[in-house]
Amino acid sequence: MADHEEKKQEESLMEKIAEKIHGHDSSSSSSDSDDDKPSESSIKDKVFRLFGREKPVHHVFGGGKPADILLWRNKKISAGALGVATVIWVLFELLEYHLLTLVCHLLILALALLFLWSNATQFINKSTPHIPEVQIPKEPVLEFAMALRFEVNRAFAVLRDIALGRDLKMFLSVIAGLWVLSIVGSWCNFLTLFYIAFVLLHTVPVLYEKYEDKVDPFAEKAMHEIKKQYAVFDAKVLSKIPRGPLKQKKKD
């Protein structure tokens, strides 16, 4: 009887040990699977995005009211801005209205209406129209001036680096961009070019945001092909161009 009870105790002890080992294996396997999940998610997150961006399109444009207008978050304001730009383009480009003439005619019409209205109220016993005082605020003007100053200084720095022969790739990019811009400028005047850029800013970003999952894979293939062709061009042409003295000092 004693031997039989000892065997039962040993069997129960072995079963408990086996259950503990099985529970530990299942927990470790589940923890391993949990550890694998973030790696899989991180792999999924590493999706090619156009221009190497890591933030949504709305954050790329600043995330404020200008981004809301460009991405049509407020359709009334976006449509109004595009409509005003279209009216201005039609007036100056199609109807060949001059800016000074248009401004003078608008001021004449506005001042005449307000003057007649202000004097007519005295005869009909009504209050004069409330005309608010218009003043340009100081802070937005300073912010705009500071931002413009920063961008102009950065452009000057880039042009200086190009002039000193420090970046051949940037030099070729700027030359190609200026050449394309000169061709476009020969096709249309500055107003039409500005209107085209304005329309593109109000259409391309919102379309890209809507179809970015389809555009990004195509852009990835295009960027890969461009880099491949540039590597061939660099090996055959650019690498054989003698570098300037600044480039040689850096290498030394």
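Note that Cβ sites are derived from N, Cα and C of the backbone, with glycine treated the same way.
As given in TrEMBL:
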REGION    1-41  region 'Disordered'
COMPBIAS  1-25  compositional bias 'Basic and acidic residues'
DOMAIN    66-252  domain 'Reticulon'
TRANSMEM  77-92  transmembrane segment
TRANSMEM  98-117  transmembrane segment
TRANSMEM  170-201  transmembrane segment
Task: Contacting positions for the transmembrane segment (77-92) when only residues 6+ beyond its ends and CB under 8 Å are counted - done: 68-70, 98-99, 102, 191-192, 195, 198-199, 202
Open item on the list: Six or more residues beyond either end and a Cβ under 8 Å away: which residues meet both conditions relative to the transmembrane segment (170-201)?
Closed with: 70, 82, 85-86, 88-89, 92-93, 158-159, 161-162
Task: Stretch-averaged pLDDT - the domain 'Reticulon' (66-252) - done: 84
